Amino acid sequence: MADTTVEKLATEVGKSVERLIEQFSQAGIKKGQADNVTEAEKQQLLDYLKKQHGGENAPTKMTLQRKTVSTLSVAGNGGQSKDVKVEVRKTRTFVKRDANEATLKAEEEAKVEAEALAKAKAEAEAAAAVKAKAEADAKAKADAEAKAKAKAAAEVKVVKDMSPEAEAARLEAERLKAAQEAATKRKQDEEAAKAAETARLLAEEHSKRWAEEERQRLEAEKNGDHHITTSKVARAAEDTSDLDEEKRGRRARNKSNAKKRGGKDARDGREKHMRNRSTAPESMAHGFNKPVAAVSRDVRIGETVTVSELAHLMAVKATEIIKQMMKMGSMVTINQVLDQETAQMVAEEMGHKVVLIRENELEHQVLKDRDDEDGIKQESRAPVVTIMGHVDHGKTSLLDYIRRAKVAAGEAGGITQHIGAYHVETENGMITFLDTPGHAAFTAMRARGAKATDIVVLVVAADDGVMPQTIEAIQHAKAGNVPLIVAVNKMDKPEADIDRVKSELSQHGVMSEDWGGDNMFAFVSAKTGEGVDELLEGILLQAEVLELKAVRDGMAAGVVIESQLDKGRGPVATILVQEGTLRQGDIVLCGLEYGKIRAMKDENGRSITEAGPSIPVEILGLSGVPSAGDEATVVRDERKAREVALYRQGKFRDVKLARQQKSKLENMFANMTEGEVKELNIVLKADVQGSLEAITDSLTGLSTDEVKVNIIARGVGALTETDATLAAASNAILVGFNVRADAQARKTIDSESVDLRYYSVIYNLIDEVRAAMTGMLSPEFKQQIIGLAEVRDVFKSPKLGAIAGCMVTEGTIKRSAPIRVLRDNVVIYEGELESLRRFKDDVAEVRNGMECGIGVKNYNDVRVGDQIEVFETVEIARTL
C-alpha cells in the first residue's frame, strides 16, 4: 500500500497541516508538509490521541465511597444533652496505570539514571583531562626553563661586560614570571582536584541508592508479601485511618466539652473512650493449614441413604463416592438410593468408621408398647385349617358340606376366586377354615394361606389323582413346616382309585400311615358326606398334638387374609386374629395403612363388637386398602400409628425406587437391543386384592418378545370415570373382574369408544387376552410353489421378445404369477409371467402335462432346458 503524505492525510481527516504536524511532533514524530506517513506512524499517532482523550490506554479509575455514621452528644436547653447522628461521607478515586505507562515511566527513570551516570563519567573524564593538561604544561614549562637557562648561560659567556643593574632587572623579571606560572599551575591543580572529588561523591551517592533499591527488591521477593496491594487490606487500612481521624476529632470535641462542663463529664468521656477503643488490627496471615493426616469420621448410616447424603456425612464430594463405587464394580448416580450394607462398605473402604442406626425406632417403640407381657395367661385356641388342592377337586364343596351352607353356588363358575375364611362349631370344638383358590394363577394366595395356618388339608380327587396344583400345595405345606392331612374326595364315584392316589402322593414325599408314613389320610365324599366326621376328628386330634395356645386378653394381633375397596364402605380388610381380642374402636396399624375400627363383621355379614384368637373378621375404618399378608397390630396412640404408617410408606417408596433404578441399570443393554415391541395396554380393576395380584401375574406372564402386556393401571373397586379416561388416552382395554362401571364411567366409555370387558372367571380373561395378543403378532408369509414348466423351444415375437415353448411338468401355471427362471437348478432370474398362451389363445392357467407358450416380463435370455418355476405367497396364521 502506498504511503500518504502529511498534506493528504490532513485533507482526509479534516485538519490543517500545521495542526497535524504539531500533533505528530507531540507524538514524538517529526514530519514536514511533504513527508510521507507510514501505517506504523499513523498507528502511533492514533494511540497518542486515544491516550490524550481517555481512550483504551487511558488509566483505569475506581471510585470508592465510604459512609460513616456516628453519634455526637450535644448539650441542649435545660442542661440536658441530646444525641445527634453525624454522617461522614468520603469519596476516594484510585487510578490504575496501564502497563504501557508503567513501562514508559520505568524507561524514563532508567534514562535519567543513565544520563546521571554519563554526566558523572564525563565530569571524571574532564577532571582527568585537566590534570593531564596541567602535567603537560608543567613539563613544557620545565623544558622551556632548561632551554632558557642554557641560553642565558650562553649569553653570559657572550656578554660578560653586562652591568649589575641590568642583571638585577633581568632576574626580577624572571622571578615574577616564575611566580605567575606557579600561581596558574596551583589554580589548575585545585580545579582538577575539585572536579575529581565531585565525580567521586556523585558516583558514591548513586551506588548507595542502587544498592539500597536492590536490597529492598530482594527482601520483598523473599517475603512474598503480595497482600499489601490487595483491595481488602487497602480498604481495611482506609477504614482504620477514617476511624482514627474521626476519633481524633471526637476526642478534641469531648475535651472541649469536658472543660466546659467539669469533672464528671470528663471522666465519663474518658470511660467511653476506653470502651470504644478499637482492637488491634488482625493479622494478614491466613490461619488455614492443609491437613497432613487422613481424617476419620464416625458416619451414621440409616437403612437407606442417597449418594449425595453419604457424601455430606463423610465431608467429601459426591464424585469421590461415585468413583469409589465404580472401582467396586457398581454404576450409580448422585441421587441414587443405597442400602445400608452398600453404604457401609463404601464408607469403610474410604477409611471412615460406620455407626449403623435404626430409623424404625418409633415403630419398634409403638409395637413394644402393648399388653402382651410374658406373665399373661395363655389359653387353648381353635386350629386354623387351610384347604388346598387342584382346581375342581372339591375343596369348596367339602367346606360347604362342613358348614352346611351353599358357598360353592355363589362362586362364579363354581371356582373359588379369593380366600374364604370361616369358623365352624363342631361337637368336639371350633375349627377355622381358609379356603384357597386352586387355579394356577393364585400361587401367592396359597402361599399366604399356608403361612397363616396351623394345619393343611390337601384335597385330592380320587378319580383324578395328583395334579400340578396338588404338588404345589405339598411344597407350600413343607416350606411352612405345617402338618399335612390328605382328604381323598369324590369317593362316591365308581372311578375312584385309592391306591393310585397313595402311590402318586408317595412320589412327592406324602406317605400314608398305612404305608408307614406320618400323614393322615381321610376318604371323604363332599356329595354324600361320607368320612367328613372322621376328617374333623383327625383335624382336632392333630390340633391337640400341636398344643395350640394364644393370649385371649390383651391387644390383638393378626394377619390380613384379604382386602378390597367397597364403594359404600371404603377400604375393607379381612383379618385373621392370631392373639388377643380385637374390639370395635381399637387403633389398628396394618402394613402401610392405619385407622380406627368403625365396624366389625363376621363371615356371615353379622355385626360383632369383638373377636378372639383364630376368628376371621372384616374390619372397616382403615386409611387405605392394605396388601394381603400384611400384619395387623393394635396400638395405643393413633398419632404414633399414623407416623409409623407414613414412615413405612416412605421406606417402601425408597426401596421400590432403588429396585427400579437397579433394574434400569442392569437391563440397559437389553433395552438397547430390544426391537420394536408391540404393547397391549390394559387397565385392570378387580373386586379383591388377591385376585388382582393373581390376574396381574398371569397377564404379565403372557408377554413375549414381540407382544408385551402392559398393565398401565390396576386397582380394587368399581370402574370409575378416571379409569375410562385413562384407558381412552392410553388406547387400552378396560377390564373389570367381578366389578362394574358406574354411570359416569359408562358415559365416558360410550363417548370415547373404549373397549370394555367384564369377566367373572379368570380362565376366560386369560384366554381372550391371549387371543388379542395373537391378533397383534406380525403376519408370517411363506412362498409356495404351484407349478413347474420345462422350456422345450424358444421363439421370437416382435411384441413380446423371446417366447418359451414349455411343457408343464408339475402343478399349474397361472398368468401374472411371480416366477423364477432356473438354469441347472440355479435361480438366474426372478420376475413376473407376462404372457401365457396355448395354441395362440391367451389362457389364465395351464395344467400339468400340457404345452404352452410363456413370455417372461423384461427378460429375453431364455434357453432350451431352462425351468420356469411359478409360486405364490401364502400368509400363515401365527399363535403364541
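Every residue, even glycine, has its Cβ placed from backbone N, Cα and C.
Given the ranges 317-320, 489-492, 649-652, 705-708, the record in Swiss-Prot names 489-492 as region 'G4'. As annotated in Swiss-Prot, region 'G1' covers the listed stretch 389-396 rather than the other ranges in 37-44, 85-92, 389-396, 637-644. Its own atom aside, the Cβ of Lys395 (GTP binding site) has 29 Cβ atoms within 10 angstroms in the protein chains shown.
Residue environment of Gly389 (GTP binding site) contains 27 other Cβ atoms, counted within 10 Å of its Cβ in all protein chains.
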